[in-house]
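Presented below is the structure to which this report refers.
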There are 2 protein chains.
Amino acid sequence: MKLTILGCYSATPKINTNPTAQVLEIKNHTFLIDCGEGTQVELRRNMIKFSRVKHIFISHLHGDHCFGLAGLISTFNLLTREADLHIYAPKGLKEVITMQMKLSNSWTNYQLIFHELTSTSSELIYEDDKVEVHTIPLDHRIYTNGFLFKEKLGERKLDMNAILNADIDMAYYRKLKQGGDVPDNQGNMIDNSILTKDPKPSKSYAFCSDTAYSASIIPIIKEVDVLYHESTFIEKNEALAKPTKHSTAKQAAKIAKKANVGKLILGHYSTRYDGLNEFKAEAEVIFPNVELSRDGKKFEF
Amino acid sequence: MKLTILGCYSATPKINTNPTAQVLEIKNHTFLIDCGEGTQVELRRNMIKFSRVKHIFISHLHGDHCFGLAGLISTFNLLTREADLHIYAPKGLKEVITMQMKLSNSWTNYQLIFHELTSTSSELIYEDDKVEVHTIPLDHRIYTNGFLFKEKLGERKLDMNAILNADIDMAYYRKLKQGGDVPDNQGNMIDNSILTKDPKPSKSYAFCSDTAYSASIIPIIKEVDVLYHESTFIEKNEALAKPTKHSTAKQAAKIAKKANVGKLILGHYSTRYDGLNEFKAEAEVIFPNVELSRDGKKFEF
């Protein structure tokens, strides 16, 4: 998996701070997560091919997470895109985008397929043979979801020494990879675990922005490899975090610790702060493996 | 008057090309003209105070001219603006913006006042004691207006030598400034032109983007000091200009010549071109006083 941060600041832009947008490259997919104003330019700047983006996940309908979508859809159209575009977003966005297209008389040449989200419990919203995407209901001022991206466990690996020793017919290899028990040449059933090894562990990434501290997400994101959790504020500004339903870096770290994740990435910083070191320092006290997102930064895991 | 080009490129962005937005500073106003995606950041980059923007003029509802508006309105709100904001735009934009505000549960603290444009002939849309703004109906794929900004002629200037010679009572000075004839001490009416001088000539600026070549705008923009006229293409790509209802640099220059304007500024360049010199060279053959707009460039006149 490769995560590219296109923007990691909250609303009220400064020069050279971009609102939320990320690209997750996972199992040959290029998933766009949130699409704040300017995302189309940031995709270009980070050399991510527009044609590779086929699925866009929008957490909520605050402008700093979705006001770049109409422009991106229009640009795809001008570039004569033909491939379907799937958009997973709270109910309502379809109506706005449709009205914008109508007023500009710019219907897309390609299929624009909205998957409208309304559930307040976690649901599976995308699945193929390699990847699953689940929502993570968050606690924000308006209806908001994070997203959990999970590689599916691959096939079991054949232990060729064991297979040759047990004298298993090649016709059974496919069943073995899928985890089934198979007979040897004498007709004795052999347990799968004797003949195969565990597949490579599957990776997972959880995106949680924007949200107040919410213990209810912990079971959903339990033991993910990487958690991006918003930290709009640092602890000294907790009084601002509470009414706006945002988190502090310390709260993000608490969630990371309780969910026993592999790594925590912080982001969605308020532009009021001059630097980001305090975010990291504050979180590390609670949870050691913390990294700061920055616009244009790439994470591989 | 001072014109700041925030963006002068057409849709399909490259890195570091901004869609259309301009700021015209005229008689203590800061008028924003069009508001493509990213305009709020470009306002910051060009150090134009958000609080000074009280009137926004939107030419048409293609995204590269208005997709920055929702973000700007939201940011004004986050910055606790209180002053009214007037938006002059084609009918329809109010509905979109209202829906976006509703979905993000972000009603503005300040009054958002839409002036919905539907007329296909030129109309006066703003007036105070110093400035007038008229629409310039353009010929584009959807309903589009340019805007003509005119300083009003100031008061006539008193010719103090002539006034003292003619022995005019001070009580008549105000009437003289307003152009009236007044009596001398013997009661003889004296012609205003003997006692006053012409005021400073008033300046005017016409913004025309996006449009096909349209001779019908010539009477409206006749003898303006500065004309911004779109030139999406150069002449060799005229075949692209026609169906998209855009202009070439040569066509922009023809309009400038026929309208006998003071200066022509070109812009709304397609991002297909590597440089802009050909635009200028092509226009100069027809009309000599041509300048190229560039993102961040300022013109004073």
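Note that Cβ sites are derived from N, Cα and C of the backbone, with glycine treated the same way.
Any TrEMBL annotation is an automated prediction that lacks curation.
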Given TrEMBL lists B:D64, B:H65, B:D210 for Zn(2+) 2, the same-site residue among B:H115, B:H268: B:H268
Additional site residue, B:H134, B:H140 [criterion: listed by TrEMBL with B:H60, B:H62, B:D210 for Zn(2+) 1]: B:H140
Cβ-Cβ neighbours of B:H65 (Zn(2+) 2 binding site) (radius 10 Å): 29
Least Cβ-crowded entry, counting other Cβ within 10 Å, from the binding-site residues listed as B:H60, B:H62, B:H140, B:H268: B:H140
Residues flanking the Zn(2+) 1 site, with Cβ no more than 8 Å from the Cβ centroid of B:H60, B:H62, B:H140, B:D210 and excluding those residues themselves: B:S59, B:L61, B:H65, B:L138, B:R141, B:I142, B:T144, B:S209, B:T211, B:K245
Binding-site residues among B:H62, B:H65, B:H140, B:D210, B:H268 whose Cβ lies under 8 Å from any chain A Cβ: B:H62
For B:D210 (Zn(2+) 1 binding site): intrachain residues, at least 6 apart, with Cβ closer than 8 Å: B:S10, B:S59, B:H60, B:H62, B:H65, B:L138, B:H140, B:T144, B:E230, B:T232, B:K245, B:H246, B:H268
Non-site residues, in chain order, whose CB comes within 8 A of the mean position of the CB atoms of B:D64, B:H65, B:D210, B:H268 at Zn(2+) 2: B:S10, B:A11, B:P19, B:T20, B:D34, B:G36, B:S59, B:H60, B:H62, B:S209, B:E230
